[in-house]
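Heads up: the structure comes next, in structure tokens.
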């Protein structure tokens with residue numbers, strides 16, 4: 001089945017939704033009457049798995065805070081966006097590979113390799129003498145992170161009993177929320193006190209400890225499906241994932257060129273990326289066909305708008321406003337708090353609330369927030385206005401992500417929910433990496449002419465994605481929905 005491991009257990013996007021609202025949705029006695037997460041049989045596995053999720057989450061936010069200093073130190077401002085886009089592009093390959101690998105060999109194999117590649121990428125990035133070297137390390141790190149993210153969720157389905165699923169999902173959610181809140185500030189402090197290299201070099205040892213806790217508990221987990229059957233159905237999917245990654249990197253490379261060959265690179269990359277995305281995402285996602293395809297497209301548009309903006313906020317605040325890495329990181333923290341608050345608010349809404357209204361409100365807040373934070377490129381814009389806007393943008397994301405995950409489950413047949421969940425996560429990565437590649441190319445091209453125009457162009461692209469999402473939001477419902485009768 002094309003969904004790989006996601007077809008056997010709920011996909012990562014679905015689990016992220018469950019995790020974000022597990023405390024509210026789980027019955028009060030969830031997990032009672034049996035062993036808990038830290039019972040002897042699960043203690044080491046739980047501690048190690050939660051630690052891995054926290055490490056991946058910390059590194060994602062920490063690198064965003066540190067990257068302006070990294071780019072200045074390595075004289076690589078023109079490749080700034082590629083340091084993010086390359087990681088996301090490589091994670092697509094890791095995510096697609098991990099599912100069938102876990103089905104054919106058990107989850108221990110992709111998880112072990114994922115941790116190794118993740119740690120190796122961090123070591124390469126931390127030792128980088130140049131920006132291309134650092135980007136290579138980030139690509140390796142992204143591949144490992146993709147393997148880890150999918151393999152861990154297979155572990156949940158294979159090891160923990162159903163009555164503990166809500167609790168482990170809630171623990172995973174906390175492992176993401178805590179780094180999102182404290183990670184940027186910690187990263188800023190590390191950059192200012194120890195240097196940016198330690199943002200990368202401090203993590204591999206912790207990853208090794210987490211692996212030491214997790215892997216022994218997985219020794220008895222074998223394959224869950226025929227390796228031959230998996231190979232027959234997943235070989236083409238892996239090829240499309242590799243093509244998507246190569247296309248994203250080629251798109252960014254073409255955007256750095258300043259001669260006629262640039263358009264050849266860009267045109268070929270866009271065509272190849274469109275072909276790959278159409279095979280990896282649900283049919284109709286790229287043209288926002290009503291129903292599930294629009295749900296996937298909206299997730300991608302929201303992710304592209306938010307994370308393109310987030311990548312440039314620390315650079316804008318440091319370069320144009322003179323903020324230290326620590327203070328710039330605190331702005332990202334406020335956005336994360338806004339996101340968590342939005343998710344909490346959405347979780348308390350009635351079950352029969354109109355999902356389209358939450359999506360329209362979320363996209364509107366995201367667009368307004370992006371415009372407000374982007375306006376900080378003008379020196380006359382009050383800093384407080386931009387920061388407040390970013391909190392609103394985070395709140396909008398908090399409204400949308402749970403809503404889209406619920407819609408995905410409603411619009412997918414039970415036997416396809418895992419595949420649809422995987423598509424949501426792949427859509428996030430593909431749309432965001434594409435936005436970073438296009439935005440980064442235009443940023444590099446305009447930077448030599450005007451810093452103001454370079455920043456405004458990037459935030460304008462993000463705002464346009466949110467505006468497009470606002471217009472498409474009503475299409476999440478099919479014209480005649482049998483489930484609504």
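Residue numbering: from 1, along the chain as shown.
Cβ coordinates come from backbone N, Cα and C, glycine included.
Annotated features in TrEMBL:
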TRANSMEM  44-67  transmembrane segment
DOMAIN    45-477  domain 'Major facilitator superfamily (MFS) profile'
TRANSMEM  114-133  transmembrane segment
TRANSMEM  139-156  transmembrane segment
TRANSMEM  168-190  transmembrane segment
TRANSMEM  196-218  transmembrane segment
TRANSMEM  239-256  transmembrane segment
TRANSMEM  262-282  transmembrane segment
TRANSMEM  294-315  transmembrane segment
TRANSMEM  358-381  transmembrane segment
TRANSMEM  387-411  transmembrane segment
TRANSMEM  423-446  transmembrane segment
TRANSMEM  452-473  transmembrane segment
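The transmembrane segment (139-156) makes no contact with the transmembrane segment (294-315): fewer than 3 of their CB pairs lie within 8 A, with pairs spaced 6 or more apart in sequence. Here the transmembrane segment (44-67) has long-range neighbours at 37-38, 80, 83-84, 115, 118, 122, 138, 141, 145, 148-149, 152, 155-156, 159, 168, 171-172, 174-176, 178-180, 183-184, 186-188, 190-191, 196, 199-200, 203, 206-207, 209-218, 310-311, 314-315, 325, 328-329, 332, 336, meaning same-chain residues at least 6 beyond its ends whose C-beta is under 8 angstroms from one of its own. By the Cβ criterion (distance under 8 Å, sequence gap of 6 or more), the transmembrane segment (423-446) is not counted as touching the transmembrane segment (114-133), fewer than 3 such pairs being found.
A contact between the transmembrane segment (114-133) and the transmembrane segment (239-256) is absent, since fewer than 3 of their C-beta pairs, 6 or more residues apart, lie under 8 Å. Here the transmembrane segment (168-190) has long-range neighbours at 15-16, 18-20, 22-23, 26, 37, 46, 49-51, 53-54, 57-58, 60-66, 152, 156, 160, 196, 198-199, 202, 324-333, 336-337, 339-340, meaning same-chain residues at least 6 beyond its ends whose C-beta is under 8 angstroms from one of its own. Remote same-chain residues near the transmembrane segment (294-315) are listed as 13, 64-65, 67-68, 71, 80-81, 84, 281-282, 285-286, 288, 325, 328-329, 331-332, 335, 359, 362-363, 366-367, 370, 373-374, 390, 393-394, 397, 400-401, 404, 407-408, 411, 420, 423-424, 427-428, 430-432, 434-436, 439, 443, 455, 458-459, 461-463, 465-466, 468-469, 472-473, 475-476 (criterion: CB distance under 8 Å, separation of at least six residues from the stretch ends).
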